[in-house]
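Feature annotations, courtesy of TrEMBL:
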type	residues	note
DISULFID	62-77	disulfide bond
DOMAIN	89-235	domain 'Cupin type-1'
BINDING	137, 139, 144, 183	Mn(2+) binding site
BINDING	139, 144	oxalate binding site
């Protein structure tokens with residue numbers, strides 16, 4: 001819009017300006033107090049609408065290019081996209097629970113399901129055999145929602161104030177685990193349990209407390225001093241989880 005030029009506007013007693021857009025006369029306005037107020041109200045609306053319309057060019061999605069670089073914001077965008085990038089069938093099969101914890105987590109994060117890259121969501125399948133457990137762990141990058149599909153699962157979390165919230169969940173029950181807090185799931189029934197968990201990030205991250213303490217080379221004496229466990233117990237746990245030191 002060009003700078004308005006002042007004129008008498010056909011002899012009016014009020015100051016008047018002619019507004020031009022692209023060199024053509026578009027609006028003549030007498031600066032009567034009531035009309036000035038209306039203009040003042042319209043100016044912020046104009047800028048808001050301009051911002052909204054300028055945002056319509058934002059990308060609808062960013063399917064991850066698993067062959068490209070990955071950073072804190074996720075994968076770079078894939079150039080050629082098909083409907084198959086938005087469909088994932090990896091959660092149909094039962095996970096292998098023949099392991100130490102008698103449990104299996106099958107993820108559909110951005111590394112497995114590139115369609116969720118950049119969307120702030122992901123999902124995983126949780127299988128728990130009888131006696132199965134997902135040990136105390138945390139997801140640094142996401143909150144979690146769990147829905148029980150089959151069986152009974154005892155689930156809970158510990159707040160930053162060290163208050164414990166846990167409950168036995170049955171088919172159809174849902175529980176939420178706030179981001180970054182320690183939490184766990186245990187098969188509390190006498191049959192196989194199945195649940196699906198969704199996350200508020202395509203890459204929620206994972207740190208299991210037992211593995212952080214006993215599955216690495218953190219010296220036994222440091223663990224003993226910081227956890228108040230005796231050396232024999234620490235070495236036993238290191239032996240079970242593959243730690244050294």
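Cβ atoms here come from the backbone N, Cα and C positions, even for glycine.
Comparing Cβ neighbour counts within 10 Å across the disulfide-bonded residues 62, 77, the minimum falls on 77. The Cβ of residue 139 (Mn(2+) binding site) lies under 8 Å from the Cβ of 177, 179, 180, 199, 201, 204, 205, 206, each of which sits 6+ residues away along the same chain. Within 10 Å of the C-beta atom of residue 144 (Mn(2+) binding site) sit 21 other C-beta atoms, taking all shown protein chains into account. In the shown protein chains, 18 other C-beta atoms lie within 10 A of the C-beta of residue 137 (Mn(2+) binding site). A distance of 29 Å separates the Cα atom of residue 62 (disulfide bond) from that of residue 137 (Mn(2+) binding site). Those residues of the chain, other than 137, 139, 144, 183, with a C-beta within 8 angstroms of the mean position of the Mn(2+) site C-beta atoms are 138, 157, 177, 181, 182, 204, 206.
Taking a C-beta cut-off of under 8 angstroms and a sequence separation of 6 or more, residue 183 (Mn(2+) binding site) has the following same-chain neighbours: 136, 137, 138, 144, 155, 156, 157, 158, 177. Confidence across the domain 'Cupin type-1' (89-235), taken as the mean pLDDT and rounded to a whole number, stands at 97.
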